[in-house]
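If you look up Swiss-Prot, you'll see 1-19 marked as signal peptide, on the strength of sequence analysis. Residues or ranges marked as N-linked glycosylation site in Swiss-Prot (evidence: sequence analysis): ASN48, ASN164, ASN201. Here Swiss-Prot flags ARG204 as active site. Residues annotated as domain 'EF-hand' in Swiss-Prot: 261-296. Here Swiss-Prot flags ASP274, ASP276, ASP278, THR280, GLU285 as Ca(2+) binding site. Marked as region 'Disordered' by Swiss-Prot: 350-395. Taken from Swiss-Prot, the feature compositional bias 'Acidic residues' covers 373-386.
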Amino acid sequence: MRLGIALFSLIGLCHSVSALIAFPGAEGFGANAVGGRQGEIYVVTNLNDSGEGSLRDAVSATDRIVVFAVGGVIEISDRIVVSKRVTILGQTAPGDGITVYGNGWSFSNADDAIVRYIRIRMGKVGDSGKDAITIAEGSTMIFDHVSVSWGRDETFSISGTASNITIQNTIIAQGLETHSCGGLIQTGGGVSLFRNLYIDNKTRNPKVKGVNDFTNNVVYNWGGGGGYIAGDSSGDSYANIIGNYFISGPSTSVTAFTRGNEYFHGYVETNYYDPDRDGTLNGNELGVSASNYGGMALVDTKYDYPAVEYQMTPGEAVNYVTGYVGASKVRDSVDTQLIAQVKSWGTKGELISDEASMGGPGDLDGGSPPTDSDGDGIPDDAETEIGSDPNTADSMELHSSGYTYVEMWANSLVPSSYH
């Protein structure tokens, strides 16, 4: 038990911080991430790569909730390394939100991270052989409505001793050639992948080993390296694969599932595959046989992992993914192009070696900083609505719900449910 939580319980709070989910709608292995709830507020006030008021400075210390008084593109030269117990609330940015461009991020050992509504676009100028997002150690993290693209090794990779991680409602796109990988998901500590879009990655969409729940995802236009790669290893794996839709695109030359073996144990249910690239979404359910699932060892009983609240059909998953995933409070030009590719139902899409073909990170409307009289990160007009005081810096005080007031405000800006 965390010391902070133990102290809270000793003074008789009527709710337990540890019992809260990270935000309404958080699911899976990482749903109980605490983030910076027991720390301090940090307001990002500029688009600089470093220094006071920058995003890099914001995530450099533990126990922070990060909000934004500015929108736009933050160009970074070096990788961003995130500290423990940090919450990043990209939905609080004005205008078109935040894109971080030019290099990747490390969340290794960033225990209890909560990351929402932000675009992380690495690009050709980023460090060679590095991921757009990497997690090699650490526990209890959740990534929600993130748009991540253009990794130079993997795009979103989880490995090593990392445990209790959720990636939900996220776009994982266009790992750059020649590697062009969606990502390794290779840890025995538990990873939930719910309602995500993997698109335009030559391989590893994802490559899974260990404990994994892969539910209601859409995989589009994978290349010859493979769609869902089932372990390809003598290490034991135990996965649920439920309600997903695999759609071939112009670059697709292999079937949806590859490289399974007797060590990869999969519970499979109602997964669809549309291989014909004819401009119409008309796939069929994959029969429950090892030959349809890359030779993995199929099991009859679903693994008892923390599940989605509502399990969609594959068709519902496609509708949801094309409408709402990624940093979708305002979709930028990159995500708009990617979604248009999916909705071509096989006729559009490409593997890229340079983000210039997508127009780079594009331009974002920075919006206007809100009036915040007490400087606590919550705009004055919102404070009245949520019951805090616009003249007192009280954003980190706990509401009766157990969330801080700043979390209450941020949660109110975006949908709390997907069904």
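For all residues, glycine too, the Cβ spot is worked out from N, Cα and C.
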Let me check the 10 A CB neighbour count of THR280 (Ca(2+) binding site). How many other CB atoms are there? 11
Least crowded of the binding-site residues ASP274, ASP278, counting other Cβ atoms within 10 Å of each Cβ, is ASP278
In which DSSP state, out of helix, strand and coil, do we find ASN164 (N-linked glycosylation site)? strand
Cβ-Cβ under 8 Å with the domain 'EF-hand' (261-296): same-chain residues at least 6 beyond its ends: 208-209, 228-250, 252, 255, 302-303, 313-315, 318, 344-347
Per the Cβ under 8 Å criterion, with at least 6 residues separating them from its ends, the compositional bias 'Acidic residues' (373-386) contacts 41-43, 65, 67, 69, 92, 392-396, 399, 405-406, 408-409, 412
Secondary structure of ARG204 (active site) (DSSP, helix/strand/coil): coil
Across the whole of the domain 'EF-hand' (261-296), what does the mean pLDDT come to? Round it, please. 98
Can you grab the distance from ARG204 (active site) over to ASP274 (Ca(2+) binding site)? Cα atoms, rounded to a whole Å. 19
Rounded to the nearest Å - Cα separation of ASP276 (Ca(2+) binding site) and ASN164 (N-linked glycosylation site): 37
Work out how many Å separate ASP274 (Ca(2+) binding site) and ASN164 (N-linked glycosylation site) at their Cα atoms, rounded off. 32
ASP278 (Ca(2+) binding site) to ASN164 (N-linked glycosylation site), Cα to Cα, whole Å, comes out at 39
